[in-house]
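Structure record follows, encoded as structure tokens.
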Amino acid sequence: MKNKRSPANMSIILLLLFSLCTSSQAIGATTNDDPNRLQTYIVNVQPPEGIGFNSIEDRDAYYRSFLPPTTDALDEPRMMYTYAHVASGFAARLTAAEVLAMSKKDGFIQANPDRLIPLQTTHSSVFLGLDGANGLWNVSTSGKGVIVGVLDTGVTADHPSFSDQGMPPPPNKWKGRCEFTTSSSCNNKLIGARVFAQGSAVFRSTVKSISPSDDEGHGTHTASTAAGNFVPNVDVLGNAKGMAAGVAPRAHVAMYKVCSVEGCAGSDILAGLDAAVEDGVDVLSLSLGGAPMEYFGDPIAVGAFAAIEKGIFVSCAAGNSGPVASSLSNDAPWLLTVGASSMDRTIRSTVKLGDDTEVDGETLYQPKSFLPNQLPLYVPPPSGALCADGSLDSEAKGKVVLCERGGGIGRIDKGQAVKNAGGAAMILMNDEENAYSVLSDAHVIPASHISYAGGQKIKAYVNSTSKATAAILFKGTIFRRLAPIVASFSSRGPSAVSPGILKPDIIGPGVNVLAAWPVPVIGNSTSGRPNFNIISGTSMSTPHLTGVVALLKSAHPDWSPAAIKSAIMTTSYIDTWQGLPIKDERLRPASLFAIGAGHVNPLKANDPGLVYDIQPDDYVTFLCGLNYTDSQVSVITHKNTSCADYKKIEEGQLNYPSFTVHFGRSSSSEVTFKRTVTNVGAANSSYAVGVEAPKGVSVAVEPDSLHFSEVNEKASFSVTFSRNGTVKGLAHASGQLRWVSDKHELRSPISVVFRS
């Protein structure tokens, strides 16, 4: 029997621990000792040998044959979903005892308890260089004809971002439907809206109406970021004024509501992916993700594999657990894993201290009625430093209160606590981990979110005087600041599941992103104007990349998902417009585990010259190389798969647009990777290699030049990495490999890890 990945690798899962059995079958561990308690399980089974299903009824009957007889004796329906495209299996309400009985049946592979997965632009288009005569909007017809599927919290159908003004009808291949109570809620922009909530209903304490409408705002924001229509003269609380538009404003949108405020159930995510594949989407956007987990137990990784097999691109959030190492989610190599960075726009509020020292910060809420007068400055004792509700004493009344970030308390909630205590304003000071990464939030009181260093200045001032005062000066929208900077919250690599693949893949705008919102934000309840909001997260950077993919798909409909990913990664940039390396939240040069290949450059991605392509079967050789069992690989491929039929490869041998090398005491001092590139540029072209070798490593490329006479011609090369001298005390080094022609330069990052 082949070895499985060690169950110890699963210990990082925060929401649920899966217990792997020693056979080819696996039953997920439950968190309750009662074997008769009903809960939802996602069940994977082997498909029937040699035959397909003649009908949906045949498929459902086959899946129902796995359910124990006890499930027929109860009135409550047990089967929740049967999956047609993205998994071989179903989701059902079962007891642990019933799952144990089911596991003895031939064809059973695994059953994992369902879990909740967390949810993770007036200026974005300009910052990304999409507008203008030579911008990608013009080159790609703004995404015309491409269908973007969004899995999220729903959508506000009547928002002007989803107006179909200027939109053609959807392509003939579209098979989706509109599940609003009135079908007129959908149009040529919002062409579909569906709900999958059976899984999440189990976790909810209250019953909500089952509608594609957005109760939270997250889905409306992400969908409009990816493909919202043009909306003129927008702002949020008087800031960030301009024309709002999604990255692909002429693409169609289909919403699959699989999330609520509590999160997104894995069974619902699989059902949404299944429907999206059936409906005919071209690109999928998932601004959600949980803790890292093995691919065969991850509903997003499993469902997305079926999508990419059908040519559907899948863009996912890296997560908001940074800057902790190995905190990212959605790290399967067939996914685009997106981190978050800032733009060159800030909505500034400056703290002016009584000694005239000024500390710049940010806030979205800048009321004109709040005058920039000096007020008493109050620093709470340790018991109230985090400004939890009820923790502030009467000393806060009428004063500017310094609150420290963290403690699991929301940034806006801290302001509410200050307001409840009678405070006049809040200075929100970063903790050391978040350093210089500040955000423009719609606070409930006058506020300024400042850096950790700025907070230290204020504390030093307070300690120097018996009568500390502060004023907050609102300065509105300011451009041309240092950008991009990696957001502190953006999750970091290396991948915990597959450290031989560099993740994240890319970063994009995810800080202070303006997009559509279902309800008025604070202080803007009676204007009658369209609602927009500015929020931050990898949830915001992901739809930016989704929109870029839609533009590339429109311009290059024959490119595979892997080719599009390659184009995005190899044309990205790693320096700011000032010519400095992209920095992290501490203003240090950002590591590859923060930026991946770099920051997206949409126009260059449209013409990369060469691409690193990957076929679905190549991923199977990668999975077999992870020492997954045949059954575990079959869960991902949703068909009976034997690794004996495939040549196993090490992670680094996958034809990925980046290189990750591990050197250790027991490993070879020389590693060779092979890559193949496809010419998507001019028919007659030549490329020369250039290498920036990581410290302590020699890099040799053979051949050192590539020549093409045809479009779509392929050429292979090998890269040999050798240890070069001592690297005492060095844990990680980075470099890059470039292929350069007279018109193109494509760059692949090199990540080297030295293990003691």
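Glycine is treated like the rest: Cβ placed from N, Cα and C.
Taken from TrEMBL as is:
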- 1-26: signal peptide (SIGNAL)
- 61-118: domain 'Inhibitor I9' (DOMAIN)
- 143-598: domain 'Peptidase S8/S53' (DOMAIN)
- Asp152: active site, charge relay system (ACT_SITE)
- His218: active site, charge relay system (ACT_SITE)
- 377-458: domain 'PA' (DOMAIN)
- Ser539: active site, charge relay system (ACT_SITE)
- 653-752: domain 'Subtilisin-like protease fibronectin type-III' (DOMAIN)
Cβ packing number for Ser539 (active site, charge relay system), 10 Å threshold: 29
His218 (active site, charge relay system) and Asp152 (active site, charge relay system), Cα-Cα, nearest whole angstrom: 7
Asp152 (active site, charge relay system) CB neighbourhood, other CB atoms within 10 A: 27
Alpha-carbon spacing, His218 (active site, charge relay system) to Ser539 (active site, charge relay system), which is rounded to whole Å: 8
Neighbour count (Cβ, 10 Å) for His218 (active site, charge relay system): 25
Summary of DSSP states over the domain 'Inhibitor I9' (61-118), given as helix, strand and coil counts: 15 helix, 19 strand, 24 coil
Secondary structure composition of the domain 'Subtilisin-like protease fibronectin type-III' (653-752) [DSSP: H/G/I, E/B, coil]: 1 helix, 60 strand, 39 coil
